Amino acid sequence: MQAGHFLNAKQEQRRLSMVTCYDYTFARLLARSSIDGILVGDSAAMVMHGHPSTIAARVEMMKLHTEAVARGAGDKLIVADMPFLSYRMGWTSALDAAHVLMSAGAQAVKLEGVDGHEDVVQRLVESGIPVMGHLGLQPQSIHAFGGYKVQGRGDEAAQKILRQAVALEQLGAFSIVLECIPAPLASEVTAALRIPTIGIGAGAGCDGQILVLQDLLGMNTDFHPRFVRHFLEGANAIVDALDGYDQAVKSGSFPAVEESYT
Ligand code: KIV
Ligand code: NA
């Protein structure tokens, strides 16, 4: 799957599935799945490194995760997040950051918002770098947004998101993530665009969906917002396995003779 195939999928009314991934082992599993695309999200800062927000992500961090994913992802589309401020200090430094991520194995980059960095989106696209937008809840702006809450409620806020989505399409973005906006607004944005929308907490009217891998695998029992479905109770399964190992070690049943060298 390539960025260009996203447009075909929308034209042919095929829904797109994406998940985040940050490491080689999971990338190998995703490569075996029918998932369409992988996002090396800056949520790595939280999920992999334990930071309280994505603001801690850096180009170097995204580079290491992108390289690891690329080694295992086979022919899956890999989109890498441009981290906090890396596209807000002019297009030359933004191109430097994108250069690092593309050299690390990304086939596209994603950045949040559009107002004030239209030139960056345009330069990236003109340089042959497919750009994914990200509107609605923008986690890198969490301090300005005042928390992780639904965006685009009310006419003015909804019109702003619609305007930004149209702007991104006109600047050449190949797709847009819509995060935590009312489902009717996401459907309206989706209908207004030629490029596919990928929703997270944005209802079923988007052209595709994305979830954080560890969320859909149920790895974090403390984090279960409305928009996350657990397709596995991963945390319980893993803790049970660890306790099974612990008991086997302590009872002396592990390792068995056939697990030992003669
Ligand atoms: O970093 C991330 O995980 C994301 C998705 C939530 C879209 O940007
Ligand atoms: Na992100």
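Yeah, the Cβs are placed from backbone N, Cα and C, and that goes for glycine too.
Note that TrEMBL annotation is computational and uncurated.
The secondary structure of E112 (Mg(2+) binding site), as reduced to three states from DSSP, is coil rather than helix or strand. Annotated Mg(2+) binding site per TrEMBL: D42, D81, E112, in sequence order.
Under the heading 3-methyl-2-oxobutanoate binding site, TrEMBL lists D42, S43, D81, K110. The local packing around D42 (Mg(2+) binding site), expressed as other Cβ atoms within 10 Å of its Cβ over all shown chains, amounts to 30.
The annotation active site, proton acceptor is assigned in TrEMBL to E179. Taking a C-beta cut-off of under 8 angstroms and a sequence separation of 6 or more, E179 (active site, proton acceptor) has the following same-chain neighbours: H134, L135, G136, L137, Q138, P139, Q151, G199, I200, G201, A202. DSSP classifies E179 (active site, proton acceptor) as strand under the three-state reduction.
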CA pair K110 (3-methyl-2-oxobutanoate binding site) / D42 (Mg(2+) binding site), Å rounded to integer, equals 10
Binding-site residues D42, D81, E112: those with Cβ under 6 Å from an atom of ligand 2 are D42, D81
The correct three-state DSSP answer for D81 (Mg(2+) binding site) is strand
Cβ-Cβ distance under 8 Å, sequence separation of 6 or more, same chain as S43 (3-methyl-2-oxobutanoate binding site); the residues meeting this, in order, are T20, T54, D81, P139, V212
Here the binding-site residues are D81, E112; the one whose Cβ sees the most other Cβ atoms within 10 Å is D81
Result for ligand 1 contact check over binding-site residues D42, S43, E112 with Cβ cutoff under 6 A is D42, S43
